[in-house]
Amino acid sequence: MRGARGAWDFLCVLLLLLRVQTGSSQPSASPGEWSLPSIHPATSELIVSAGDEIRLLCTDPGFVKWTFETLGQSSEITHNEWITEKAEATNTGNYTCTNGGGLSSSIYVFVRDPAKLFLVDLPLYGKEDHDTLVRCPLTDPEVTNYSLRGCEGKPLPKDLTFVTDPKAGITIRNVKREYHRLCLHCSADRKGKSVLSKKFTLKVRAAIRAVPVVSVSKASHLLREGEEFSVMCLIKDVSSSVDSMWIKENSPQTNAQPQSNSWHQGDFNFVRQERLTISSARVNDSGVFMCYANNTFGSANVTTTLEVVAKGFINIFPMMNTTIFVNDGENVDLIVEYEAYPKPEHQRWVYMNRTLTDKWEDYPKSDNESNIRYVSELHLTRLKGNEGGTYTFQVSNSDVNSSVTLNVYVNTKPEILTHESLVSGILQCLVAGFPEPTVDWYFCPGAEQRCPVPVGPLDVQMQNSSVSPSGKLVVQSSIDYSAFKHNGTVECRASNNVGKTSAFFNFAFKGNSKEQMHPHTLFTPLLIGFVIAAGMMCIIVMILTYKYLQKPMYEVQWKVVEEINGNNYVYIDPTQLPYDHKWEFPRNRLSFGKTLGAGAFGKVVEATAYGLIKSDAAMTVAVKMLKPSAHLTEREALMSELKVLSYLGNHMNIVNLLGACTVGGPTLVITEYCCYGDLLNFLRRKRDSFICSKQEDHAEVALYKNLLQSKESSCNDSTNEYMDMKPGVSYVVPTKADKRRSARIGSYIERDVTPAIMEDDELALDLEDLLSFSYQVAKGMAFLASKNCIHRDLAARNILLTHGRITKICDFGLARDIKNDSNYVVKGNARLPVKWMAPESIFNCVYTFESDVWSYGIFLWELFSLGSSPYPGMPVDSKFYKMIKEGFRMLSPEHAPAEMYDIMKTCWDADPLKRPTFKQIVQLIEKQISDSTNHIYSNLANCSPNRERPTAVDHCVRINSVGSSTSSTQPLLVHEDA
């Protein structure tokens with residue numbers, strides 16, 4: 001058959017050649033005479049089965065060609081007959097016959113294949129806000145329920161609409177960005193069964209609705225010749241189709257070499273870096289460089305300025321007149337600004353050829369990286385007359401030195417430096433002062449110490465003036481007394497607009513001779529000695545008083561509020577709180593161990609209490625006591641702390657009172673013992689083993705890591721702070737639930753931990769733990785707030801940790817050595833934890849429930865940075881206070897989820913009334929912790945005996961409950977089976 005068809009084709013070609021050469025007996029159709037070619041079979045659709053023949057015949061007077069199209073692909077032949085011997089599903093498509101006049105007729109052929117109901121064209125792309133076609137045409141048009149389905153039975157988005165076409169596929173209308181990565185199947189029912197196509201994953205190209213975002217690493221550059229110029233331009237857009245380039249304004253020629261690097265950040269964020277570099281900049285490279293980017297929406301640009309100088313420079317700008325007048329005893333600040341490039345290496349202030357080592361500061365005018373302007377300030381306090389003169393500021397860098405001199409004149413009353421009688425019969429006064437003093441001479445009869453009624457002024461014989469190094473004007477004045485014939489007193493009086501002073505010469509005639517004159521001295525040596533002694537005594541008393549006031553005074557940090565008037569809180573005097581003697585515990589039943597912490601006033605000691613639970617049971621406790629050197633003030637403060645703890649009652653997340661010894665010896669306060677010490681040191685120990693995940697399925701990995709390491713310190717490690725000592729235990733792999741459940745009822749009843757459960761301190765730390773700590777501390781603070789109690793020193797160092805990783809809020813108080821703790825900064829006569837304090841507490845000494853919320857936000861930052869100090873690298877100085885006033889806040893710590901950082905930021909709101917309450921914080925964190933952690937915490941809270949369940953109410957409502965709740969029993973002294 002194929003041979004016959006080949007012969008037929010050859011014959012047709014031969015006839016065509018003959019027709020071209022000899023002409024045709026039939027005239028060619030003119031363009032206006034063409035008609036549609038006809039196709040046999042004469043139908044718009046044809047259905048054949050797989051394996052059958054497809055035979056299509058096109059009839060037309062002229063030549064024709066067949067075109068087959070399916071899934072965007074096409075093929076063609078120039079015969080008038082299309083034959084496919086064994087049809088396959090892929091032969092499904094549109095067959096078009098076109099004649100020489102461009103007219104065409106079509107027939108759509110379905111090749112029914114039971115094994116292949118859909119033709120699939122992958123991948124699937126769509127453009128936002130446009131329709132997109134899912135190319136899954138049917139091979140059998142007689143199926144039903146042709147539609148789209150989500151993969152794995154997932155529903156399609158509610159707003160997704162589509163239309164079906166068995167020949168083309170399914171068109172999704174108005175594609176949205178949210179459909180990106182949507183998994184789809186085409187589906188249809190055949191013979192009562194649902195059939196699915198291959199999986200489609202829709203990739204949405206975002207619609208461009210804005211110009212690109214363009215930024216540069218540095219807005220201006222100042223360089224010396226030969227230095228490298230490098231600037232980075234960052235372009236962000238939703239699509240990689242964005243175009244970008246560097247352009248030098250007004251100069252198409254440049255030596256700069258551009259480099260480009262790009263990547264996708266997520267699904268709809270495209271980032272491109274355009275770096276421009278000049279390896280060795282020259283002066284003529286100076287100019288403005290523009291980073292230009294455009295997309296289909298529009299264009300954007302940003303510029304950076306390059307200035308290249310031949311050599312470095314320093315330009316000084318005094319911020320005041322170079323001549324300054326100041327009154328005696330006043331303060332003055334000498335301020336200069338200067339520009340320097342390269343950076344200044346040496347700065348100093350010089351006075352009278354002497355370098356000043358203090359009283360001045362030098363700092364950049366802004367924190368901008370390109371800043372070249374600096375400020376230097378010299379602070380002169382309570383200037384004296386002899387401290388005037390020239391003050392010179394000198395600055396240098398690697399290229400140049402520069403200086404500026406300021407002349408300071410101190411307005412002082414005249415001072416008589418010398419007054420003497422010269423052998424030649426001349427009286428002389430040497431006077432210094434500013435402005436220039438006027439010297440007058442007066443005579444009065446009689447040998448008086450002062451002239452009650454002066455006569456004169458006398459004629460001055462000689463007077464001249466000069467300038468002293470300190471800026472004073474020195475006047476030398478003299479008169480001739482040889483003409484005097486009578487006893488008398490001569491007064492040298494110096495004055496200016498600041499004041500006046502005098503010196504006296506008295507003399508007498510004896511016979512015909514004149515007695516040698518002596519200058520009068522105002523004070524006798526005895527009077528001078530008395531004044532000096534009195535001054536020294538005053539200085540000694542002031543020093544002793546200052547040292548006494550600087551001594552840190554101990555007070556209870558926790559304050560109980562009695563009344564709120566606006567922002568003014570009235571606190572209950574803790575000494576007026578009642579104390580129930582049922583808390584008393586026999587001293588002889590306490591056995592003391594090691595010291596857990598010590599401060600200036602007292603210490604906390606580990607102890608064993610016998611009979612606290614039941615008569616034959618021992619319990620490890622912590623006992624707070626005063627040192628023997630404590631005064632009455634400290635003893636009253638410790639008693640106040642005891643009363644506050646007894647007033648508060650019990651809660652799972654505070655260090656609870658167990659008992660006290662107040663009679664028959666020094667006061668002892670017995671509280672719960674927390675074996676893992678403070679949370680701050682616990683976090684720092686766990687940094688290396690931290691797992692940045694809160695999923696339970698990481699538990700075994702974390703434990704395996706810990707078992708391979710050398711053992712970390714735990715409750716069994718005597719080297720740890722605040723640690724109990726127990727024998728070692730054997731280990732099995734526990735779960736997180738075991739870890740917290742092992743505490744059972746927290747630390748209220750001391751018991752041995754089951755050896756099969758690994759010690760909490762040897763387990764790795766993960767994100768779930770940090771969320772749990774956040775939640776527990778918020779619960780504890782909500783309890784304190786419900787009792788109208790303000791903590792005032794909430795920080796990780798004041799949170800203790802016990803079995804089951806239960807956190808407990810405490811007040812170390814007298815057991816903390818704040819004098820040697822860098823977290824406590826001297827402010828006035830107190831040492832305060834400034835970095836944890838709210839602005840209203842720092843600047844206005846206002847402590848409220850809201851200021852505790854601020855401190856809680858700082859605590860969260862400590863927690864999620866695994867024990868780092870807040871505001872790292874920033875000393876507490878005037879700049880720190882200024883930044884806090886201006887709204888500076890810390891960035892998110894490394895391990896904080898976005899939701900927790902949002903809580904931190906709300907805690908740091910400048911308006912205290914906009915900060916959340918602790919009750920609201922608890923609700924926010926509850927949404928983040930896992931159900932298992934929340935369930936375990938609830939069980940621990942429920943099984944603790946006599947637990948109060950306070951409801952954190954509004955602050956104004958809390959006040960009504962003050963003083964109404966004092967515990968009459970010892971709620972923690974219960975039997976083990978309670």
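Note that the numbers count up from 1, one per residue, in the order the chain is shown.
Any Cβ shown, glycine's included, is placed from N, Cα and C.
For the annotation N-linked glycosylation site, the record in Swiss-Prot points to Asn145 among the listed residues Asn145, Asn820. Per Swiss-Prot, the annotated N-linked glycosylation site among residues Asn368, Asn942 corresponds to Asn368.
Reviewing Cys136, Cys183, the cysteine that Swiss-Prot connects to Cys151 via a disulfide bond turns out to be Cys183.
Checking the candidates Asn401, Asn716 against Swiss-Prot, the annotation N-linked glycosylation site falls on Asn401. Residue pair Cys151 (disulfide bond) / Asn294 (N-linked glycosylation site) shows a Cα separation of 38 Å. Just so you know, of the glycosylation sites Asn94, Asn145, Asn284, Asn353, the Cβ with the fewest other Cβ atoms around it within 10 Å is the one at Asn353.
Note: the domain 'Ig-like C2-type 2' (121-205) comprises 6 helix, 44 strand, 35 coil (DSSP; helix = H, G, I, strand = E, B). Of all the recorded positions listed here (Asn145, Cys186, Asn321, Asn401, Asp793), Cys186 has the Cα closest to the Cα of Asn94 (N-linked glycosylation site). Among the recorded positions listed here, namely Cys136, Asn284, Asn368, Asn368 has its C-alpha nearest to that of Cys429 (disulfide bond).
Note: the domain 'Ig-like C2-type 3' (212-309) comprises 3 helix, 60 strand, 35 coil (DSSP; helix = H, G, I, strand = E, B). Secondary structure at Asn487 (N-linked glycosylation site), taken from DSSP and collapsed to helix, strand or coil, is coil. Looking only at the recorded positions Cys136, Asn368, Asn487, the one with its C-alpha closest to Cys58 (disulfide bond) is Cys136. The average per-residue pLDDT of the prediction over the topological domain 'Cytoplasmic' (547-978) is 73, rounded to a whole number. Considering only the glycosylation sites Asn294, Asn321, Asn487, the Cβ with the fewest other Cβ atoms within 10 Å is that of Asn321.
Non-local contacts of Cys233 (disulfide bond) by the CB criterion (under 8 A, 6+ apart in sequence, same chain) comprise Val214, Ser215, Val216, Ser217, Ser244, Trp246, Gln273, Glu274, Arg275, Leu276, Cys291, Val302.
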